[in-house]
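**Q** Take a look at this one; I'll ask things after.
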Amino acid sequence: MEKWSLMTITVLLALTVRWAVSLGSYSGAGKPPMYGDYEAQRHWQEITYNLPIRQWYFNTSDNDLLYWGLDYPPLTAYHSFVCAYIAKLINPDWVALHTSRGYESQPHKLFMRTTVFVADLLVYIPAVILYCFSLKETSAKKKASTCALCILLYPGLILIDHGHFQYPLSLGLALWAVLCLSHDWDLLGSVAFCLALNYKQMELYHSLPFFCYLLGKCFKKGLKGKGLVLLAKLAGTVLVSFAACWLPFGTDVEQIMQVLRRLFPIDRGLFEACMFSSPTHCPDKVANIWCSLSVLIKIKNVISPRTQLKLSFAVTFLSLLPACIKLTVQPSLRGLKFALVSCALSFFLFSFQVHEKSILLVSVPVCLIINEIPFMATWFLLVSTFSLLPLLLKDELLLPYAVTTPAFLAVCLASFSILEKTSAEDLQLKAFSLSLKGYVSWFKSFPRIVRSLFLLSLAVMGVLSVLSAAAAPPQRLPDLFPLAVAVVSCLHFLLFLVYFNVVILWDSKNRAQKKIS
């Protein structure tokens, strides 16, 4: 009973923070003609409610695809339709065809913010709570609530969902998939992840770890016996799940092809992750390797779009291959969580058309291992929030950023004493350090070095945050501060990618785990 009381307090605190952030501005508020992501979500409600399904993804006189045309999978469209149906009952003007474009009012803002709260309460928050209760390391009464508090107060997700404006459904469904797999409910886990993928195609960042884990599990059971049966069940579950999601579009091949063209617009180029005319997104400020390199080399000018695509695919594939092979050969829940982090980070750093918000696809899996490596997880989550700073400043979310980020750090310091968890063993690097014994003399000073780097990192992020918010850039370099944020964040992420892969490849705990039967 006591653990549920602590968890209730945790959830109430998390909801209070979300409510406070939602009182502020949102993406594109009062900025015609395109406004921002808030208007995109409202416009999708307008389109899905007023037009037949066959027109949702096509350019027509009633559906101008250059004005926030639908570019997410069918479940996003269905969700927009449900929200639109409720909106129509409250105020038909909110979703009136054509005339509702750019609609902004306090009642409508309250409605839209409420829809995000409902999504959080029904999908994301329950998954976090149940996940924290399921952790073997959280046997103490307050451990589960402590872990949940740190996850639910992660500022990056709060600021994007309840500030900028976005729904947490795909990430929440992915969490449900992990939770199901942790209880050996493989078919339910597959359904949950299929739903996540059919809500946002960016869940492809997580697809290979789920695939490799389940395939490895089938191999362990034996492909001539139980493993073959499980593989057939999984294949059938995936096919049925996709068929159900795509059923309204499945009768026409051209419909399917048009939806796919909207989901994967490769002709936009390596950097065109979003609508080029959107005032709220600037693809050159994403903290990935291509945008950082473009500061020195204008990749768009020296490499053709098709070559960019091939190069991006090759580098992404090679960077995530080690973690996927390890997970397939030695499938474990722990390995799955670390592979989700590593693979998502590889996609973010090297893949084609990356949004700045895509870092959340890495951050949520990092939240799942915050109890195992609290120091590195906290550090990563702080950097990921910092990488969103240019976007947050555009949305006038400086105050929520300045409050929630230090508060999150304080909670992690109090909950996990992270500055005391910097030894090689605490960072899951003991096996790696033993392999270097006799070769790297400075490894004895490793905890002190790591703490010093962490404090230096905090200082750099703090200074850049202040400069970005308060200082005017040189006239010749108007994008100096956003680019500095992107490059600094990218350098951090590259080091984190190396770290997570080292943990995965030298992980002795996976080898010691009981074989899956």
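Numbering starts at 1 and runs along the chain as it is shown here.
Backbone N, Cα and C define each Cβ position, glycine as well.
As annotated in TrEMBL:
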SIGNAL    1-22  signal peptide
TRANSMEM  110-133  transmembrane segment
TRANSMEM  145-167  transmembrane segment
TRANSMEM  173-197  transmembrane segment
TRANSMEM  227-249  transmembrane segment
TRANSMEM  335-352  transmembrane segment
TRANSMEM  359-386  transmembrane segment
TRANSMEM  398-419  transmembrane segment
TRANSMEM  453-471  transmembrane segment
TRANSMEM  483-506  transmembrane segment
**Q** Kindly say whether the transmembrane segment (145-167) and the transmembrane segment (110-133) touch, using the definition of 3 or more Cβ pairs under 8 Å where each pair is 6 or more positions apart.
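**A** Yes, since the transmembrane segment (145-167) and the transmembrane segment (110-133) share at least 3 Cβ pairs closer than 8 Å, they count as touching.
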**Q** I need to check the long-range neighbours of the transmembrane segment (110-133): which residues 6 or more away from its ends have a CB within less than 8 Å of a CB in the stretch?
**A** 3, 7, 11, 14-15, 18-19, 22, 38, 41-42, 83, 86-87, 90, 94, 144-145, 147-148, 151-152, 161-162, 165-169, 171-173, 175-176, 178-179, 182, 367-368
**Q** Hey, does the transmembrane segment (227-249) touch the transmembrane segment (335-352), meaning at least 3 C-beta pairs closer than 8 angstroms, sequence gap 6 or more?
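**A** Contact between the transmembrane segment (335-352) and the transmembrane segment (227-249): absent.
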**Q** To the transmembrane segment (483-506), which of 173-197, 227-249, 359-386, 453-471 is linked by the most Cβ pairs under 8 Å?
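**A** Going through each listed stretch, the top one turns out to be 359-386.
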**Q** Between the transmembrane segment (359-386) and the stretches 173-197, 398-419, 453-471, work out which stretch tops the count of Cβ pairs under 8 Å.
**A** 398-419
